[in-house]
Amino acid sequence: MECVNGSLVREFVFLGFSSLAGLQRLLFAVFLVVYLFTLGTNAIIISTVVLDRALHTPMYFFLAVLSCFETCYTFVIVPKMLVDLLAQKKAISFLGCAIQMFSFLFLGCSHSFLLAAMGYDRYVAICDPLCYTVLMGHGVCVGLVAAACACGFTVTQIITSLVFHLPFHSSNQLHHFFCDISPVLKVASHHTHFSQIVIIMLCALVLIIPLLLILVSYICIISAILQFPSTLGRYKAFSTCASHLIIVIVHYGCASFIYLRLKSNYSSSQDALISVSYTILTPLFNPMIYSLRNKEFKSALQRVVGRTICLSR
């Protein structure tokens, strides 16, 4: 039901690409190709890690989980966005909006804590290599992933409840292409400063705590690497951390820009552009940064493809 004065909102209408009406079919084609490529590369990563025993290590276990998170993250947002690019009315139900917000926040928050776990893995591998297999056993890795998901679920449950318990009477038009926190808050009839502060604090904690853990890990890593006797050894150690650092910078940079200034003056189109970068482009680049340029992974991929071809004959 469309929103009128005195009635409750039953659906939201997306206006994220309304200013680009003439380009929506082109955007559909571009985003579809990028989305299919992202799904394909992440599927290659996950299947290669599962099928090749040489990659049954903590680093690649976390990488496979990261690929799962990113696959699910894009699935929550991109298919609906692609449908809306071809639809006359770009609407989502109230419940659907709440489910979409919960899902992408859960995956995004868990992603932040997972990056911290990956930083810890690099710290143990470089600073305490002799105890690596003990400190990063399978049970520990599964426990770190479970802890990341538990933290993500708890934070997401609180934020989603705070947002969707607000009254929505005056408008149902979201100047975005999915149900993000800021656009939904902007159409709420009113919200207290307390709920706003709690949401900002939770977003800040999800970003700051994992980032601080990563910084501590890398301070220890860098100090350990600088003590390596050979230049080649230092180069190899730095190269194993470079991909993780790039993803950390992109993830926390985009997320900080979006979620740490809910009440500031900003352009909705600017936010939509940044959101496109971390919902579509970042999941595309992460597999290439983390895996497809990694010699060990490429060797494992060749073995898996070779075995698959032999079995198919």
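Keep in mind that glycine also has a Cβ here, set from the backbone N, Cα and C atoms.
TrEMBL annotations: computationally assigned, not manually curated.
Counting same-chain residues at least six beyond the ends of the transmembrane segment (26-51), those with a Cβ under 8 angstroms from any Cβ of the stretch are 17, 20, 60-61, 63-64, 67-68, 70-71, 74, 78-79, 81-82, 85-86, 280-281, 283-284, 287-288, 291-292, 297, 300-301, 304, 307. According to TrEMBL, the transmembrane segment annotation covers 26-51 (among others).
Sequence annotations record features per position, and here TrEMBL assigns domain 'G-protein coupled receptors family 1 profile' to 41-290.
Sequence annotations record features per position, and here TrEMBL assigns transmembrane segment to 58-79 (among others).
Within its own chain, the transmembrane segment (91-118) has Cβ neighbours under 8 Å at 9-14, 59, 62-63, 65-66, 69-70, 72-73, 76-77, 80, 144-145, 147-149, 151-153, 155-157, 159-160, 163-164, 168, 178-181, 184, 206-207, 209-211, 213-214, 217, 244, 247-248, 251-252, 255, 279, counting only residues six or more beyond its boundaries. The annotation transmembrane segment is assigned in TrEMBL to 91-118 (among others).
Annotation comment: TrEMBL describes 130-159 (among others) as transmembrane segment. Listed by sequence, the residues of this chain that lie at least six past the ends of the transmembrane segment (130-159) yet keep a Cβ under 8 A from its Cβ atoms are 58, 61-62, 65, 102, 105-114, 116-117, 120-121, 124, 181, 198-199, 202-203, 205-206.
According to TrEMBL, the feature transmembrane segment maps to 197-226 (among others).
The transmembrane segment feature in TrEMBL is assigned to 238-260 (among others).
Here TrEMBL flags 272-292 (among others) as transmembrane segment. Residues 16-17, 31, 34-35, 37-38, 41-42, 44-45, 63, 66-67, 70-71, 73-74, 77-78, 104, 175-178, 180, 243-244, 246-247, 250-251, 254-255, 257-258, 298 of the same chain lie 6+ residues outside the transmembrane segment (272-292) yet bring a C-beta within less than 8 angstroms of a C-beta in it.
Per-residue confidence over the domain 'G-protein coupled receptors family 1 profile' (41-290) averages out at a pLDDT of 86.
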